[in-house]
């Protein structure tokens, strides 16, 4: 091989080896805050997230903040040092925050800051009323980051039974901050009771309870049976009242006979008076 060709090959090889190093040297440098953990002790205390563009080989245009992949309104600025302040942090404020820098002649650069908090269950069914043979659906939803691991169990006093999808009648569906428990073909003897959803992440856990009531097939007939019982009681009262009233009615029927006797006596007296006057 010609010496010049060998030299050219070595230059190309060295260039390819140095290219990632040169590209890394040209990337912008961002100093960002460490992760933040929201706890009961820090509740209510303001939290400030900060990013500083320390190195950039091309002029930057502006910066803005994002939370969980969505831009936070009114956070755009031309400053290299940018901050985002959470005034009264709650579990709902936890998530993945990102400061993003834009450039006219280079790709965007960003840094990620995690704000973590234990799950807080913000919605669940307090109770559910169903008839035997029907299906029941219980759910829980939460806020907090990272997304929790969900579990369900049935609570009986101080003991409990874990629930999974292996029985054929219980089906659990989980997605991020939401879980759902479906129970098919309710059994009035075994299914009523307290059901607990539990959300757990690396910071902590929380749980809420739903009361499931299962009624008999006859439950829809109870209002009708109640009305029927009232009618029967009313009829009995009327019959008893009528029986007690009959002796009085008999005495009323005898009164005309006595009156007629009195009238007959009076007629005899009138007849005797007329005969005396004739004499």
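The backbone N, Cα and C atoms fix where each Cβ goes, and this holds for glycine too.
Heads up, TrEMBL stuff is auto-annotated, nobody curated it.
Looking at 200-220, 221-241, the stretch flagged in TrEMBL as transmembrane segment turns out to be 221-241. The feature region 'Disordered', as given by TrEMBL for the ranges 160-189, 250-279, sits at 250-279. Applying DSSP to the domain 'Ig-like' (119-215) sorts its residues as follows: 0 helix, 65 strand, 32 coil. Taking DSSP states H, G and I as helix and E and B as strand, the domain 'Ig-like' (28-114) has 3 helix, 48 strand, 36 coil. Model confidence over the domain 'Ig-like' (119-215) is summarised by a mean pLDDT of 95.
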